[in-house]
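Colleague: Pasting in a structure now, in structure tokens, and then I'll have a few things to ask.
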Amino acid sequence: MFNLQQYTAITFRLPVQCVWLKLNGSWPFVPSSRKDNSSMCSILYTAWAWYVIVSVGITIGFQTAYLVTHLSDIIMTTENCCTTFMGALNFVRLLHLRFNQRKFRQLIEQFERDIWIPENTHISVNAECHKRMFTFTIMTGLLSCLICMYCALPLVEIFFRTGVDAVEKPFPYKMLFPYDPYSSWMRYVFTYMFTSYAGICVVTTLFAEDSIFGFFITYTCGQFRLLHERVDNVLTAAKERADEQHLQLQRLHNIVHQHNKIIRFAKCLEDFFNPILLVNLMISSLLICMVGFQIITGKNMFIGEYVKFIVYISSAISQLYVLCENGDALIIHSTNTARHLYGCDWENPDIRNFYSYTSMSHQLRNDLKFMILCSQRPVRITAFKFSTLSLQSFTAILSTSMSYFTLLRSLYYEDQL
């Protein structure tokens, strides 16, 4: 059902976080050879996927109702917006993955065919790719701690502050329900478990989708490094054989072909992820601002709440930084191709004399010039063409968050006067 062997010739190891995409119903379903079993599994898996989407949507509705009724309270509003906006972001992610199953599967197939670097070949490049994925492990750990705290802290508060006999018991998030969840223990437990699991689906989808996005970019950068090695050696042994000109020209054409495959994959990657990236960049500045505001202005807050918000802002900043840093790495690796092409020793006097005054040498030089020209245009990932994923975007978002934070703090202190 999920095995890549069913539609690829060579298996490869995806990030472990992708397990959560499968559990949340967001992984592209692959039909098996048995039609009856495949049809039944597909129906059940699709039903589960829509249950996850609906449960997240209902939970966001409960949070939005609470937000609307407490708009006059800036503390309550900002606290509620933190979870509501994150839920809305990943609700959009879940819908996007559900409605683009075929494109997602085709993207994975294209990655396996054109980008994947097997572990038994190019060991150093593969090890570097593994090393770069460690940042996503850190981000996953922070977000996992965050959702655990949201789900566990209300229980701690029940047993150590309000008591199990309290009329109104806390939930993982601030919510307003169309029914009375406190009328019985059964109703309270069901509501608590329903909303908690919706939050788990939100956070796990966030770090799982970001991890596979970073996985694709990391190995795309690895392919650029391999391409640079081939470029550096394209004109070696130019004087060893009489037919070396033809061989070098063929090598260059192979490099051009591989370069085009990398660019095509990056374009498909951008086309698939850029709607999500746009929503992510738009919401990130608000989230960072509001969580920072909660940390600074929170009064009489349970110590666990302070820790929760510190973990929240750390995870939000790290998630944004990891995405922007990977986008910046792709830009750097793609533009370095032109530098490697220019420095491939074509100006060496021995090579220049060897290639002089032949039609093949003229074609080789023209191909080099054209490829240098094309490589000067960076391969980049955009947020629906509005912004480029780079460290410059990261600093701009942080600057915007600080501006929002200053505005919120001034409004808050004006209300206190």
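Here, residue 1 is simply the first one shown, and the rest follow in order.
Here the Cβ of each residue, glycine as well, is placed from N, Cα and C on the backbone.
Curation plays no part in TrEMBL annotations; they are all automatic predictions.
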Colleague: Write down the single range among 12-33, 232-253, 386-407 that appears in TrEMBL as transmembrane segment.
Modeller: 386-407
Colleague: Test of understanding: applying the rule of at least three C-beta pairs under 8 Å (pairs 6 or more apart in sequence), is the transmembrane segment (43-68) touching the transmembrane segment (185-208)?
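Modeller: Result for the transmembrane segment (185-208) with the transmembrane segment (43-68) is yes.
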Colleague: When each of 43-68, 74-95, 133-156, 272-296, 302-324 is checked against the transmembrane segment (386-407) for Cβ pairs under 8 Å, which one has the most?
Modeller: 272-296
Colleague: Residue list, the transmembrane segment (43-68) vs rest of chain: Cβ under 8 Å, 6 or more residues beyond ends.
Modeller: 1, 24-26, 29, 77, 80-81, 83-84, 87-88, 90-91, 94-95, 98, 173-178, 194-195, 197-199, 201-202
Colleague: Report, as numbers and ranges, every residue of the chain located at least six residues beyond the transmembrane segment (133-156) whose Cβ falls under 8 Å of a Cβ in that stretch; write 'none' if there are none.
Modeller: 15, 17, 83, 169-173, 192, 196, 199-200, 202-204, 206-207, 210-211, 214-215, 218, 302, 304-305, 307-308, 311-312, 314-315, 318-319, 322, 325
